[in-house]
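Annotated in TrEMBL:
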type     : residues : note
TRANSMEM : 20-37    : transmembrane segment
TRANSMEM : 58-78    : transmembrane segment
DOMAIN   : 93-147   : domain 'EMI'
DOMAIN   : 148-283  : domain 'FAS1'
DOMAIN   : 287-418  : domain 'FAS1'
DOMAIN   : 422-545  : domain 'FAS1'
DOMAIN   : 549-679  : domain 'FAS1'
Amino acid sequence: MHQSLIVVENVHCASVSESVVFLVVSSPSLNTGVSVLKPLAARRRSGVRVQGREMKRLTWFALAFTLIATGFAAKTPYQAVLQHSRIRGRSHGPNVCAMQNIQGSDKKYFTNCKQWYHRKICGKPTVVTYECCPGYEKVTGEKGCPAALPLVNIYKTLGVIGATTTKMYSERANLQEEIEGPGSFTFFAPSNEAWAALPTEILDALVSNVNIELLNALHYHMINKRLTSDDLKHGASFPSMYQDLNVHIQHYSNGVVTVNCARLVKTDQHATNGIVHVVDRVITAITNNVNSLIDTDDDLDTLRTAVAAAGLTSLLENEGSYTIFAPTNEAFEKIPPETLTRILGDPLALKDLLNYHILKSLHCSESIVAGTPMETLQGTVLEVGCDGEEMTINGKAIVTQRDKLGTNGVIHYINELLIPDSAKTLMELAEGSVVTTASKLFKDAGLTDHLIGSEAVTLLAPLNDAFKDKSLAMTPDMKKLLRNHILKERFSSKNLYHGQELETLGGVKLRVFVFRNSLCIENACIAADDKNGRFANMFIINKLLTPPMGTVMDLLKADDRFSTLVGIIQRAGLTELLNKKGTYTFFAPTNAAFSAMPPADLSKLMRNPKELANLLKYHIGEEFLVSGAVTSHTRVTPLTGDKLELGTRNTTVYVNRVPVVEADLMATNGVVHAVDVIVKPLPPKIVSDQAEGSTIRRTSAVWAGSQVMKNGVYALLTNCFSHINAIRVIFHNLHVIVLK
């Protein structure tokens, strides 16, 4: 067994600053591959000291280890956030938990890492309060919450934990004797605020006939066995003590636990005859599936008709665990009649539309504490989030009624129809995105029929920013150009390959260029994910296409800015090169670039064709490169000389620090980028001997081990308790850092 001592001072973990010494024990006999760290009393040892960057690295590790240990110890997501809250609260004494209270409301949550550092829940700022963890109480004159709550029967426990209204109604409904007597019960006790939130007419109906309705209601909150929070598994159902009707449990990955969509706000309050969990609302018996709920609600008439037409009735009747965002009649009425008629008359589009409103898993509103992408039955995702008290979908507060629970799912009512891309025409895809300028131009060019019909085409739609400083007049040339933005076939960008040719409605063949970080069609690069419509697809591109009109030499001859360059090319004997087939990138000096040269230098250069040729070849790259593919430290190999270094700043491309004044002049055998300065080689970079020496002195083993640790700990802190397997790698490699 190998042991190493690591001293880590001032470890900041869970709001605690302390000095820690870890004994690292790595043994071949341990088959877990995880090193064991044993904290020792902090003390000075001669010859053992960690400073500088190594000190910082180990401090990170100590913080990570504390959180890792917490993650491994937690049995459930709820226990994970509870333990994290304990860590955050421990500086205030034993058994103190940090709670995050949303400002302006009475909602409190145990905290996880993300919420702790962001100090926000549902987009609203939170205030951290420190309270006794479940099962403990304060003692006068002592720090923290050192005393366990008295273990008494359920009836008395209700009073101890502050559920006094439930205690009062238990007495009034003649339930007191039962929950004082022998047994082993689980009581989901509504908080005082939950009773107060009940509509007056419902509460009056319950308490006016206390021996029947109120008793039945309370019995539905009870299970005839003891269930701790660990036993409340996600998706579980348990028979209640009211006619054995089930209560439905959801235990979410963020630590939120619900029963019939009521959040457990105080859990695991033990009693001599059971356990009490305080919930934030009064729950009611669930007997109908979600299809029955839709069938019996007049506000969902249109949805009911659509579900039947799409053949989804059996899905919503069978067993499952769905979340349905149910559009009301009002939501359907907001859609243009022609669009609604088209979708309702198209079985595939209608099915996609409805499946886009159904999540694959059940999500009560109380489970949402931040925006989260959730997969739908249609196959794409919805961003389900919250903004204060409002539940949001794709950032919009369109949920009007929440948590109508059925036996196989939950319904949230929405006042706006969600139309997936797969149910839209090309025109609808364009009008609802960042290419509205292009959409209008396509209409003005008389291309609407191609964009609203069932034609299998691909639209290349430039971003709105691509039209800045450009004339939008609908000239014959503009109409011709726009026709070349529609491909004759339906393509997916995932299937495009380098050198592929795509034919447009205008008969032009456009080339595909695949770069390391970009996928481009001629000069325009794809700027977003594909938009896949009902019959056709749309690629969003970063600029207007400019199809090639001739060779590089043809292009230069047709542009007066390059008249001097054309003469020099001819004098240097490079005309044939720039006319023949190839994939050249030419950083072409304009007349201004040659005018800026000292006359004597230019005259000397013109007298030496070989030197002229070398100069021009240094401006010509061997590989095709458009501006959209240029990133920092991009390099191009010229026909002669050292590599050209490219970069971008504020959308301008630079070659050897020379700005490109106009990029992407497309030719059949390459691309031209205009420059107003002659491009010269960059001065050699000077590497500091001191820096080089310090790098050599660092051993490769220590560097590799510390990098693994640093990267792994960063990932851990980002996700807190996720990806625990990755942490095993960190522990396994910890023995690399041995301080002697």
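One is the number of the first residue shown, and numbering goes on along the chain from there.
Cβ coordinates are placed from backbone N, Cα and C, and glycine is handled just like the others.
The average pLDDT computed over the domain 'FAS1' (148-283) stands at 94. Residue counts for the domain 'FAS1' (549-679) under DSSP, split into helix (H, G, I), strand (E, B) and coil, are 50 helix, 38 strand, 43 coil. Secondary structure of the domain 'EMI' (93-147), assigned with DSSP and counted as helix (H, G, I), strand (E, B) and coil, comes to 6 helix, 24 strand, 25 coil. Per DSSP, the domain 'FAS1' (148-283) is made up of 49 helix, 38 strand, 49 coil.
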